[in-house]
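K.L.:
Could you have a look at this structure, given as structure tokens, before my questions?
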């Protein structure tokens with residue numbers, strides 16, 4: 001049977017994936033061999049990191065490119081609406097709208113993944129996002145009116161919203177468990193790499209249209225390269241394409257499909273997906289105990305359920321952490337760095353050069369988190385970042401009030417310091433933590449909603465920043481100092497530790513917390529928790545091993 005015939009066979013009966021077809025079956029093994037991947041093991045892992053990293057570099061570049069343009073004379077001549085002066089103080093709102101409307105496009109793109117993500121699959125969704133971003137970039141680079149560039153930025157945002165709500169999930173589902181945390185934190189680092197490139201590109205002698213159009217390069221690399229990579233094995237199972245899924249698992253481990261570890265991993269994915277889509281009449285294979293039927297997808301109403309699964313609490317944590325990342329005030333610097341340095345009395349050209357140096361330091365500081373994430377844990381890094389950010393914002397407010405030449409120099413340095421604290425504690429964390437904290441069944445909808453939260457509060461912060469500095473000046477830093485201070489007790493009291501835990505272990509933590517009536521944070525810090533799959537864990541989860549669940 002050919003590969004296409006094999007796929008049609010399973011699509012013709014989407015309710016069932018017979019387990020006889022996934023072990024001790026020569027026909028199935030030949031189908032797996034037909035889908036054998038050329039890239040395997042470490043080379044495949046590196047290729048996946050490169051392509052997903054390119055997607056997040058594009059994300060960072062598109063975020064940072066507007067900052068320097070806002071002070072570029074050629075840009076101001078084409079779009080005088082963004083030039084704030086005593087005669088046109090209302091232009092602060094128009095300036096903020098040009099920056100922030102991008103986030104509205106990202107929000108819609110992220111939410112659209114609730115409906116199209118599983119239908120298209122991870123790779124095709126990323127390709128779609130890249131194509132939409134290219135269209136938006138072309139429209140931006142050819143803009144000659146304020147209205148046109150507003151529409152172009154919304155379109156670019158649609159594509160970026162699709163990518164940011166898909167790329168982390170795709171990378172996580174195709175990454176070795178032992179290095180998943182560091183690999184996804186690397187994506188956060190590549191956001192800052194893109195921001196750094198955007199600032200240096202904007203300081204070139206080229207017209208402003210060239211830096212805007214340059215993002216097309218990243219999108220093309222991502223679109224072309226991802227065609228040489230496999231689809232997520234989890235999505236392939238959901239699409240009833242088990243032979244392809246087995247081939248991907250085999251390639252990731254660089255072992256033959258007959259290897260016991262490969263089989264165990266594959267069957268674990270098969271059962272997890274079956275449980276996720278379990279129907280009331282689902283049956284369990286008598287030989288292995290694995291579920292073999294199921295088609296019911298998660299209902300959005302399940303987001304609001306409690307009990308052992310604690311869905312509402314866990315999804316809320318994913319949404320809240322994305323909100324917290326934005327209300328720290330990081331995008332005051334990302335989008336308005338050049339303007340902030342100009343407000344400190346630094347000339348136009350020097351402001352853009354210092355902003356580029358700031359972005360470079362931001363990138364270098366983000367590398368630290370990759371090495372600390374598994375050693376220090378999630379909670380400690382978040383608390384460290386929040387404390388440092390709070391103190392920095394307080395100092396910026398005090399120095400803004402003093403407003404002497406020396407105070408302005410120190411304020412410029414503190415913008416570098418703030419970036420460093422954020423890069424270590426919060427930059428990549430919000431792309432890692434939601435995937436870890438939410439259970440398998442709710443992970444898809446939760447990922448879309450948490451990413452939408454990121455873009456909603458991103459829009460809010462960017463939209464109010466320009467008018468805020470125009471109206472209350474240095475007091476804007478007090479607002480963000482208060483928000484950062486608020487984050488500290490919330491993280492300490494409500495955010496469980498996920499470092500060193502498997503995704504299944506998190507199910508046990510929340511179920512045990514519910515059973516004992518204690519905080520999941522307390523349970524997550526215990527060392528005596530039973531491992532997932534053990535009889536003790538099954539009892540906590542309310543699973544009867546001999547039942548159909």
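Glycine is treated like the rest: Cβ placed from N, Cα and C.
Annotations per TrEMBL:
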{"type": "COMPBIAS", "residues": "1-11", "note": "compositional bias 'Basic and acidic residues'"}
{"type": "REGION", "residues": "1-21", "note": "region 'Disordered'"}
{"type": "TRANSMEM", "residues": "44-61", "note": "transmembrane segment"}
{"type": "DOMAIN", "residues": "48-499", "note": "domain 'Major facilitator superfamily (MFS) profile'"}
{"type": "TRANSMEM", "residues": "94-114", "note": "transmembrane segment"}
{"type": "TRANSMEM", "residues": "126-144", "note": "transmembrane segment"}
{"type": "TRANSMEM", "residues": "150-170", "note": "transmembrane segment"}
{"type": "TRANSMEM", "residues": "182-200", "note": "transmembrane segment"}
{"type": "TRANSMEM", "residues": "212-229", "note": "transmembrane segment"}
{"type": "TRANSMEM", "residues": "317-341", "note": "transmembrane segment"}
{"type": "TRANSMEM", "residues": "353-374", "note": "transmembrane segment"}
{"type": "TRANSMEM", "residues": "381-400", "note": "transmembrane segment"}
{"type": "TRANSMEM", "residues": "412-434", "note": "transmembrane segment"}
{"type": "TRANSMEM", "residues": "446-465", "note": "transmembrane segment"}
{"type": "TRANSMEM", "residues": "477-495", "note": "transmembrane segment"}
K.L.:
Are the transmembrane segment (150-170) and the transmembrane segment (446-465) close enough to be called in contact, which here means at least 3 C-beta pairs under 8 A that are separated by 6 or more residues?
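P.N.:
Since 3 or more Cβ pairs under 8 Å link them, the transmembrane segment (150-170) and the transmembrane segment (446-465) do come into contact.
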K.L.:
Same chain, outside the transmembrane segment (446-465) by at least 6, Cβ under 8 Å from its Cβ: which residues?
P.N.:
96-97, 99-101, 103-104, 106-107, 110-111, 113-114, 117, 157, 161, 164-165, 168-169, 303, 314-315, 318-323, 325-327, 329, 331-332, 335-336, 430, 434-435, 438, 476
K.L.:
Going along the chain, which residues at least six beyond the ends of the transmembrane segment (94-114) come within the CB cut-off of under 8 Å?
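P.N.:
For the transmembrane segment (94-114), the nonlocal Cβ contacts are 62, 66, 70, 79, 81-84, 125, 129, 132, 136, 146, 149-150, 153-166, 300, 335-336, 444-445, 447-449, 451-452, 454-456, 458-459, 462-467.
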K.L.:
Counting Cβ pairs under 8 Å that are 6 or more apart in sequence, does the total for the transmembrane segment (353-374) and the transmembrane segment (412-434) reach three or more?
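P.N.:
Answer yes, regions in contact.
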